[in-house]
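Listed in Swiss-Prot:
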- G51, W53, D69, D85, D108: S-adenosyl-L-methionine binding site (BINDING)
- K148: active site, proton acceptor (ACT_SITE)
Amino acid sequence: MGSQWSRDKVYLRAKHEGFRSRASYKLIEIQEKFAVIRRDDNIIDLGAAPGSWLQVLRTLTDGRVLGIDLNPIADIEGIETLEGDLTDPVVQKQAKEMLGTVCIVVCDAAPKLSGHKSYDQARAIALGEEALLFACNVLKPGGNFVIKSFQGADFPELLAAIQGQFYAVKTYSTKATRKGSTEIYIIAKNFKG
């Protein structure tokens with residue numbers, strides 16, 4: 001762990017409070033501001049490892065929660081997990097068989113970064129497009145979608161694609177996002193189905 005991480009107050013707070021990463025606070029803040037999750041919602045979390053959003057989701061809903069990631073996710077009581085690629089039709093089918101249609105899809109995933117900003121941003125947008133396709137396949141009409149993306153040249157295209165599928169779409173940068181980051185969340189409510 002680098003010194004940047006050890007000096008990061010949000011990271012240290014997350015560890016102290018038992019969260020797996022600082023990302024927990026991003027979802028908490030989004031929920032407080034936009035109320036995207038209801039108490040009885042069934043939810044799929046794409047790119048769920050290490051499980052920090054799953055930890056938060058478990059406290060926000062009494063519904064079923066499924067985390068999907070390429071990497072294994074350590075057990076969290078009351079959470080179902082599926083190891084696989086969200087772009088794989090077999091994984092999508094398994095998710096739908098496990099939960100049926102759901103009320104919310106969240107995605108805090110990011111591709112492995114290469115250090116080349118434009119390349120990494122393009123890969124993040126492509127991942128966002130795949131997550132949107134997944135969401136459209138499993139969401140109930142009226143459902144919500146929350147996804148992390150990165151601002152850049154291709155961001156408006158992803159935003160427009162999401163706006164075409166949902167009645168209300170907003171962008172939001174959380175307080176827990178590091179200074180200088182191009183990270184932004186898209187909060188999409190009321191899936192057109």
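Cβ atoms are placed via backbone N, Cα and C, with glycine included.
Because the structure is a prediction, the values reported are computed rather than measured.
Farthest C-alpha pair in the S-adenosyl-L-methionine-binding residues G51, W53, D69, D85, D108: 18 Å apart. For the binding-site residues D69, D85, the greatest number of Cβ atoms within 10 Å around a candidate Cβ is found at D69. One residue stands out among the recorded positions G51, D108, K148 for having the most other Cβ atoms within 10 Å of its Cβ: G51. If you measure from the Cα atom of D69 (S-adenosyl-L-methionine binding site) to that of K148 (active site, proton acceptor), you get 15 Å. It is 17 Å from the Cα atom of D85 (S-adenosyl-L-methionine binding site) to that of the residue listed as 'active site, proton acceptor'. With respect to their backbone Cα atoms, W53 (S-adenosyl-L-methionine binding site) and K148 (active site, proton acceptor) stand 12 Å from each other.
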